[in-house]
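Trainee: Annotations per Swiss-Prot:
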| type | residues | note |
| --- | --- | --- |
| REGION | 1-147 | region 'Disordered' |
| COMPBIAS | 79-95 | compositional bias 'Low complexity' |
| DOMAIN | 171-294 | domain 'OTU' |
| REGION | 176-182 | region 'Cys-loop' |
| ACT_SITE | Asp179 | active site |
| ACT_SITE | Cys182 | active site, nucleophile |
| REGION | 231-241 | region 'Variable-loop' |
| REGION | 282-287 | region 'His-loop' |
| ACT_SITE | His287 | active site |
| REGION | 391-450 | region 'Disordered' |
Amino acid sequence: MTILPKKKPPPSSDPEGNGERSGSGAPDSHSRSGARPRSSPPPRWAYPGNPSSAAERHTQQVSPPPGSATSGGAGPLGDGAPASSSSSSSSSCNGAGAGGCCSGPGHSKRRRQVLSAGPGATGNCPDTDDGAGNNSEDEYETAAQTQHLDPDTAQQQEHWFEKALCEKKGFIIKQMKEDGACLFRAVADQVYGDQDMHEVVRKHCMDYLMKNADYFSNYVTEDFTTYINRKRKNNCHGNHIEMQAMAEMYNRPVEVYQYGTEPINTFHGIQQNEDEPIRVSYHRNIHYNSVVNPNKATIGVGLGLPSFKPGHAEQSLMKSAIRTSEESWIEQQMLEDKKRATDWEATNEAIEEQVARESYLQWLRDQEKQARQPRKASATCSSATAAACSGLEEWSGRSPRQRSTAGSPEQPDVHAELCMKPPSPGAALTLGKPPSPCAPGPSNQMSAGADRATSPLVSLYPALECRAIMQHMSPTAFGLKDWDDDEILASVLAASQQEYLDTMKKSTLRRESSPDHS
């Protein structure tokens, strides 16, 4: 069963009793079936009354009892920004009675009346459209003050307000876009963390007002459906009625700050809890901004999420981001290590291939050198053999003793020259077996040179040294009386070989001095 609110007596029956009717016909005495009890109706803003508007009276007035809002500051404050009006009505002027001021918080329009001269003047006054479209009467006085405020003074006041909130409370004012939806943007910023979700907040608020129309309609003088349809527009300003609805909807108190460190008004929800309130700041009596506490997370509080902890999502996201970053970094490092290992292997392969190529080229050069050297050696041996044959005729007339004494002076020179010119290290590495001194014939030397075509640099130093030593030794050391003809041939061959060695050394020095083009 629904208990309807009490009807108010017509204005004509008690023209000066609006103040009394405000207390006797308070809307908080109205109750609804199945609804939760309300501690107070939507509060109205406290402001010093204007003498010109104190005598005004609006028809069909419904005023909440005074003192229903928690006020924490002094000074004039408007409850909303101007909004478009969808209905109009005529008002009559009454020069007496301060209680005739229409102070209801839900008035969607207001007609300012011009009083005639004299405090007791009465009569009909023409209506003006100066205040048309405002949500309540307390916007008129503050709006007039704002228009005459110096811009520099207003800027200093805004700066002081932000600095005071930051130093004393640690709060930060977040600027909202000034497009008529600033109140819903401020609430969306603190509930959803994104002011662009103001349309969702507005839709939920209007739906909540429609579901509780039997309560909130008592504070709206115009048709409640028309009021809701107008408030659904994105460019329509919000008011304290919407603040009360959002405080109940999100079950979070709504605190309003205006140029002070303490809230001038607080809207409470149905149930008291320890949730962080929704804080908004009111600027120039026309704009709302969001006031946030950077040290305490409040996003998501009031949405009815089970087991929701403010800030836990950010921590989880941070941990997930750190874990993902570490995994990505580890994978990147492993990939780089593999790339470096691959480069190292490829480098080793390239080095090995280059070394093998250079070694092969060096081997080819050595083969070419070895192929050219046998021809030079055979030519030298043939010239040495011819010289030896011509020298045999001269030595044939001599006795062995004379030949030995004649040939002996030459041997020290050979031995000394051999000692002065030692063999090169490269030739020592390729030494073969020295030829036997017992068979020193020219034919044997030629055949031996032909057989060693692949290795022509056979060192003859051991054989020459042996022959030189044998020339200095006495024949009696070997059990002989005198040297035979073989000894003469051996000495001739030794001289030929010495000549060949000198030629080879000169050619080697010539090749070393000139660049190797092969």
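A Cβ is built for glycine as well, from the same backbone N, Cα and C atoms used for every other residue.
Describe the structural context of each listed feature in the structure shown, including burial, neighbouring residues and relevant distances.
Mentor: Listed by sequence, the residues of this chain that lie at least six past the ends of the region 'Cys-loop' (176-182) yet keep a Cβ under 8 A from its Cβ atoms are 81, 83, 189, 195, 198-199, 202, 234-238, 287-290.
Long-range Cβ proximity for Asp179 (active site), meaning a same-chain Cβ under 8 A and a gap of 6 or more residues, is found for Asn234, Asn235.
Classification of Cys182 (active site, nucleophile) by DSSP places it within a helix.
Averaged over the region 'Variable-loop' (231-241), the predicted model has a pLDDT of 90.
According to its DSSP assignment, His287 (active site) is in a strand. Every protein chain considered, the tally of other Cβ atoms within 10 Å of the Cβ of His287 (active site) stands at 18.
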Trainee: What number of additional C-beta atoms lies within 10 angstroms of the C-beta atom of Cys182 (active site, nucleophile)?
Mentor: 25
Trainee: Just to verify a number: CA distance, Cys182 (active site, nucleophile) to His287 (active site), in angstrom, no decimals.
Mentor: 6
